[in-house]
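Chemist: From TrEMBL, for reference:
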BINDING   74, 76, 238, 312  Fe(3+) binding site
BINDING   74, 76, 238, 312  Zn(2+) binding site
BINDING   83, 146, 176, 241, 317  4-imidazolone-5-propanoate binding site
BINDING   146, 314, 316  N-formimidoyl-L-glutamate binding site
DOMAIN    66-396  domain 'Amidohydrolase-related'
Ligand code: NIG
Ligand code: FE
């Protein structure tokens, strides 16, 4: 058993472990002049440096702030092709929904992704995951959903499986958009063929459905998620991105792990989430890139809900390759305080993935942590356009090249 003691920590800042709701999201523990002991990949001890226990090894971090590793609970990091023509069209006034209804948007990414091999998908996704990692994301969820057919969905999940040898990933089967014809038979085949196969092969831990006018109805979403539950999957929803159709209420009724987007949610959806353990995941990159209203994250926290933040990294609605930037944008666009944003990106994001073993720097949690460039942790929420993260540790091991030179 090897112990490593990290010293030279100006501030060690952490939320309490487990999902934090409402005002508790602001209650961070801040230890000035701190030390952190890592033992067997877990946090062994944290406290004032003056009280630190002895250890086999010691690393002086040089007087910087340390926070938990970020968890990105919502990405579509595996895709082929690009959406640059869509981007230009949108800037000129064509809406995201119109592009999708015309057969472009998500459907164009599906055509490109279906034509790619697993090896090509892995090569395309690797630098995106590396960028998230460098930005401080120590655990990243990755969805399928660009498979035109079931074989392509399985290939996407196969790519995530391969990449999981290099990164800490949580794979989700996303049922994204229906075919233009025969949707009833498609939903039935999802329930009777795709979900059972993904369960048999152990390729995902949760099933997500895009519940929206241009995608699946509330009734279809219910059928798919009930089949998912039967096969032992956790459930998640994309809901209220453009229209509040009832997806949030369905998520709460089914006990989904999270319901994500919420840009069109109003007081009824806020009240439903405040009364539910389902995590409300907001995606500020979508607000920035599509010019949508911000999700009511401030109202959700004030009402007592558990709010998480994700990048939603994808080529169409959120080309955000930094979890730290998602954190910083949530402060600007959704009115979260820096403390709330840190809880949203750590313990609450972990809860959105059903993970209780990470996100807080307390004994027994995974030793996933970040050393910032700054002595003040608030630089994480303040900095835009540069990386405030100097080093990333996963399971107690430094994982970025910059860290290896620095410690
Ligand atoms: O979460 N809106 C639905 N799905 C993704 C976007 C996917 C895409 O545009 O390629 C999202 O925003
Ligand atoms: Fe998404």
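Cβ atoms here come from the backbone N, Cα and C positions, even for glycine.
Given the structure is predicted, the values throughout are model-derived calculations rather than measurements.
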Chemist: Taking ligand 2 as the reference, state which of the binding-site residues 83, 146, 241, 316 have a Cβ closer than 6 Å to one of its atoms.
Modeler: none
Chemist: Tell me the Cβ neighbour count for residue 314 (N-formimidoyl-L-glutamate binding site), meaning other Cβ atoms within 10 Å of its Cβ, over all protein chains shown.
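Modeler: Total other Cβ atoms inside 10 Å, all chains included: 26.
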Chemist: Around the recorded Zn(2+) site, report the further residues of that chain (criterion: Cβ within 8 Å of the mean position of the Cβ atoms of 74, 76, 238, 312; site residues excluded), sequence-ordered.
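Modeler: Output for this site, in sequence order: 75, 143, 174, 260, 261, 283, 310, 313, 314, 317, 318.
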Chemist: Around residue 76 (Fe(3+) binding site), which of the listed binding-site residues (146, 241, 314) come within 10 Å, judging by Cα atoms?
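Modeler: Checking Cα-Cα distances against residue 76 (Fe(3+) binding site), the binding-site residues within 10 Å turn out to be 146, 314.
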Chemist: DSSP three-state call for residue 238 (Fe(3+) binding site): helix, strand or coil?
Modeler: strand
Chemist: Which binding-site residues, if any, among 74, 83, 146 have a Cβ under 6 Å from ligand 1, given in order along the chain?
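Modeler: The qualifying binding-site residues: none of them.
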Chemist: Of all the binding-site residues here, 241, 317, which one's CB has the most other CB atoms within 10 A?
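Modeler: Output for this query is 241.
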Chemist: Look at each of the binding-site residues, 74, 76, 83, 238, and point out the one with the fewest other Cβ atoms around it within 10 Å.
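Modeler: Among the binding-site residues 74, 76, 83, 238, the sparsest Cβ neighbourhood within 10 Å belongs to 83.
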